[in-house]
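Chemist: Take a look at what Swiss-Prot says about it:
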- 1-61: domain 'TGS' (DOMAIN)
- 242-532: region 'Catalytic' (REGION)
- CYS333, HIS384, HIS509: Zn(2+) binding site (BINDING)
Amino acid sequence: MIKITLKDGKVMEFEEGIKISDIAMKISPALYKKALAAKIDGETVDLMTELHKDSSLEILTFEDEMGKWALRHTGSHMLAQAVKRLYPEVKLAIGPAIDTGFYYDFEADFTFTPEMLEKIEAEIKKIIKENHKLERFELPREEAIKLMKEKNEDYKVELIEDLPEGEVISFYKQGDFTDLCAGPHVPSTGKVKSVKLLSLAGAYWRGDENNKMLQRIYGTAFTKKSELDEYLNMIEEAKKRDHRKLGKELDLFSIHEEGPGFPFFHPKGMIVRNILESFWREEHTKAGYQEIRTPLILNEALWHQSGHWDHYKENMYFTNIDDDDYAIKPMNCPGGILVYKNSMHSYRDLPLRLSELGIVHRHELSGALHGLMRVRCFTQDDAHLYMTKEQIKEEVVGIIKLIDKFYKLFGFEYFVELSTRPEDSMGSDEDWEIATNGLREALDSIGKEYRVNEGDGAFYGPKIDFHLKDCIGRTWQCGTIQLDFQMPERFDLSYIGADGEKHRPVMVHRTIYGSVERFIGILIEQYAGAFPTWLAPVQVKLMNITDSQYDYLKKVEEALKENNIRVEIDTRNEKIGYKIREAQLQKVPYMLILGDKEVEAGKVAVRSRKDGDLGAISLEEFIEKIKNEIKNKTN
């Protein structure tokens, strides 16, 4: 008999060799029906996996991220199966699950069309009804190559040949279709209830523009049609809110072919950016942080010492200065560590909180670039805190409260994830246990709900990730708190303790916005470009009906500017209705309309983006109203 420990801590005994699907049935028929995959000792596996030793087990459903992933991974195989049925000459490349669905890359001597997608989707629905079992099998490397050559699948052969000699290669078979794959998958194609093919795109093989351009078909999959319908509605809403579209319409930023992945911020975009950064600085000063600035370019040796070389080398940019090799920083932490190391510290100096709005560069493949969301150059709102082990809990609680304050201000709900030690990690088991428990205790002490994401920590320590939920239900990972025992060791950091001896500090890496650029992109989409008054690039649009109000308009403009209200004037010889519509399209919070009546009464006619016509009031009254709104940062 073997002992299986369930997620809730309950221990059950079973015969050795039992399949996970059978355990799911014994736990609950309802769970068996919903089950898609499972985690055994933290590793995601198929439900048909047999268990031969004591293990921890978590049954995954569509409510779990890896459950979704397994279902959508199967969706990609069904897409490939449908394409091969309809167009046997097409060659298969790769087809993974992604955050919102799946895709598959194909080589074809024709171009897929939207009409062909409808035909392929109909074939997928047949495959769902056929309810094929997904069967995993393994072959030695040479036999795997032979199988794929027989099927004329050149890309699969290349993938296998890149694997080490002696590697056992896994495949999945469903009906008449077999694909090279590590899995996991759901038990049968019938588990995938609703599929929608969404779009077509080009994609270079292996993301390398020197390779052949393939055709990529994107799709998504759900266990219920209602969930699919909800997702499709969200996509339509997301198109309206696309920050790339709104960024252009509102003149906030642009991206040019001379610098793909390097955003250009326009004057209005800089207003938003500067407000966010000023607010960030104010709140950090209140919370006891000290701001630093570290260089963009640092000697390559520093990145070897920090360990980033082994993990980030492929995503770094390099240069040579005076015959020595340098790197453009992909992260701020090694530079911040040098600032700490520059002085001797006492236990009385700790915790030391150093913050930095530091520009970093990371190489992203051209196909992955996406407006402000995925760029090659961005500003990371970093802070690095140095403390004793006894201060971990209190400091992490303080960070969580600060992050909470920021996200609530912008109207975001969020959920928290505690990510534990990955396979590719540095440090001792003891340090990892202390670090993970420190984060867990901080979350528990303030009653913050969280989920555990096994094996997804940083290479130097466990972390808490904050996932924002926007107004249309999408999630964005922004803030993070990462506990680190490794960097202080690598850089020989120390402080003098109460005993007069040197001690090693604990280091915490922390962000709130994550990337300032990305956070601006998220805010554009969250607000659909209609920023709250305190954040709006233009807070008031001032417009006259005829030229006779021009002098009064200039006086009003001057009064608004004296009160630090961001105002633009529209004195064009256009109908007032046209001017109002244009201001509305520009998402300006307030319009002040000046006609002869307003001039005579010394008032302004106020139109609110949110509430419509507010009538005529004195300029002093309006200034007081808008200043209160700005001061209170009303959303």
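Backbone N, Cα and C atoms are what each Cβ position is placed from, and that goes for glycine too.
Predicted, not measured: the structure shown is a model, and the values here were computed from it.
Locate each feature and note its surroundings.
Modeler: For the region 'Catalytic' (242-532), the model's average pLDDT works out to 93.
Counting Cβ atoms from all protein chains shown, HIS384 (Zn(2+) binding site) has 25 others lying within 10 Å of its own Cβ.
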Chemist: Can you list the residues of the same chain, besides CYS333, HIS384, HIS509, whose Cβ falls within 8 Å of the Zn(2+) site's Cβ centroid?
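Modeler: Counting only non-site residues, the set is MET331, ASN332, GLY336, ILE337, ASP382, ALA383, GLN482, ASP484, MET487, MET507, VAL508, ARG510.
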Chemist: How do the residues of the domain 'TGS' (1-61) split into helix, strand and coil according to DSSP?
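Modeler: The counts are 14 helix, 26 strand, 21 coil.
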